[in-house]
Amino acid sequence: MSLATPARSLPPRARRLTRRHLAPYVFVAPFIALFAAFSVYPMIFTLRLSFTDWRGSGAARWVGWDNYTYLLGSGAFWSSLGNSAVLWLLVVPAQIVLALTVAVVLNNARLRMRGLYRVAYLVPFVTPLVAVAQIWVVLFDQNYGAVNRLLSLVGLPDIGWLTTTTWAKPTLALLFIWKTTGFIVVILLSGLQSLDASLYEAAEIDGAGTLRKLWSLTVPLIRRTLAFAAVMQTLAVFQMFAEPFVVTDGGPYNSTTTAGFYLYKHINQADLGTGAANSFLLVVVVMALSLLFVRLLRTED
Amino acid sequence: MRNRAVAAHLFLGAVLLLSLAPVVWAVVSAFKPAAEIVADPLGLDPATLTLENYRRVFDDVPLLSGFLNTAVVLVSKGTLTLLLAPLAAFGFAKYRFPGRGLLFGTVLVTLMLPTIVLIIPLLLQMKELGWVNTYQALILPGAVDAFAIFWMRQVIAEIPDELLDAARIDGCGEFGIFARVIMPLIRPALAGLGVLTVMNIYNDFVWPVVVANSERMATLQVVLSTLAQNITGNRIGADYATVTGELLAATSIALLPLVAVFVALQRHFVSGILAGSVKG
């Protein structure tokens, strides 16, 4: 009898225990199912496709590494990477410096209208990219655009923003910086708000000026946030597609055919095997760059 | 100190002007007669303001069906994301179970992969399923996104386990804990994720343009981009000024709902991102 009492109370508790063991599977199952179907499965499919010659119909022919060697030996592939690299150089350093400056100035608790600034800076970010791209087409038109009209007011000559190889990339870079800097500001603000004010007081007592504090305290302390922002923007620049698609159609003379746009061209021409191989080469580049940032900003410890 | 504040406002104000100018210019210019937008892009004559561009864009472009398609996708895909991501994140953050590391690791890896990699196989998958130009194709892929679950897991991990145990002692089941303890606690971050999700879905362009290119299924962004291609030369002989007027009107119509939602919810949005992103 003395054994029977705990035995009777055991079943419900055991049931609860199993339920607790089963619960996480039930919670993650719908997510994992959709994720497996529409992310993992297509990824494995792409990998297999990248070793075949396939035009979207009929049987795929296994070609081994041919697609990869073709791309690695192709001028168009390297020039698409080069275009993205130039855009990266034009965008990311300038954007991080600008966003950090804005975030540091905005982080002052005594500053009035902080809320207004934060909201206004995010307007470009919430504006649909396709809409922005179209505004750019109109604003930067060589003959009728408001930008050249502004320049002529101060006596500068017309510039072929979207029609010359010199200016097409900077114009796209400007679009990208305009569109996303507000979001980076908010990300950096989150890093700044976690900092300890007493460190700054100590630095001030030691006679550190504004720039000195920024470089020796702020930047090292939020470097993980900076790395996160840099990695996010690197991924975004190398995947850039809608901007060249809408604004320049990859031109003039392929000068804005970015890595992302070049990838789209394979799909558009139903050259799917090459496109898949191109995808994975792009993955390698992006991952290498991301890891580089993570390393660069971590080894300072 | 006062000089410094003035300098700060001058700098922040200049950035503010630059970040608002293109949008304001587009919205205001769309009320000008088409010929005037082109002839005098910087001027504004109150006497000639007109709704002509807006009227014409509704006549020429399937803007309303674009809005409707976007709305359907927005509601269903948004609901899926905002339910499934926190639920799975809860599973990953608060339970130890065999396979957890492997599953979450896979999610993290895809976070680093360019989404464009998946376009080809997803398109083939949709063709095989017969889903090209359907709502399923617009809704299901991407409804569970790696970034959302990563973010929510960070937030849920910070909730103390004691709260969960207390709820269990009070007789709350595991799903009850999720619904009554976790969800209310992560509301700020969830609001942030909500705005970000709405924005991503509303603005999504690459996938819809590939999988839903029929006029009947085109989302708002696809409709817009088609109009843009007219301006870049596909519509031979089109009057440049007319198309520009239509374009600016369509663009204004497309950006206003989102900007309005954002301004209304900006408090949640900013604090949501602040609460959720990685700390220094």
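Note: Cβ is positioned from N, Cα and C throughout, glycine not excepted.
Note that the structure is predicted; figures quoted are calculated from it, not measured.
The annotation transmembrane segment is assigned in TrEMBL to A:22-44 (among others). Packing against the transmembrane segment (A:22-44) from elsewhere in the chain is no residue: none 6 or more residues past its ends has a CB under 8 Å from a CB in it.
Here TrEMBL flags A:81-293 as domain 'ABC transmembrane type-1'.
What TrEMBL lists as transmembrane segment is A:85-107 (among others).
For A:119-139 (among others), the entry in TrEMBL reads transmembrane segment.
The transmembrane segment annotation in TrEMBL covers A:172-192 (among others). Only residues 6 or more beyond the boundaries of the transmembrane segment (A:172-192), in the same chain, are considered here, and those with a CB under 8 A from a CB of the stretch are 87, 90-91, 94-96, 98-100, 102-104, 106-107, 118, 121-125, 127, 129, 132-133, 136, 218, 221-222, 224-226, 228-229, 232-233, 236-237, 240, 243-244, 247-248, 256.
Away from its own ends, the transmembrane segment (A:221-242) comes close to residues 84, 87-88, 91-92, 95-96, 99-100, 129-130, 133, 172, 176, 180, 184, 187-188, 190-192, 194-195, 199, 258-261, 263-264, 282, 285-286, 289-290, 293-294, 296-298, 300 of its chain (Cβ-Cβ under 8 Å, at least six residues beyond either end). Sequence annotations record features per position, and here TrEMBL assigns transmembrane segment to A:221-242 (among others).
Counting residues 6+ beyond its ends, the transmembrane segment (A:279-297) has Cβ neighbours under 8 Å at 46-47, 50, 68, 71-72, 77, 81, 223-224, 226-227, 230-231, 234-235, 238-239, 259-260, 263 in the same chain. What TrEMBL lists as transmembrane segment is A:279-297 (among others).
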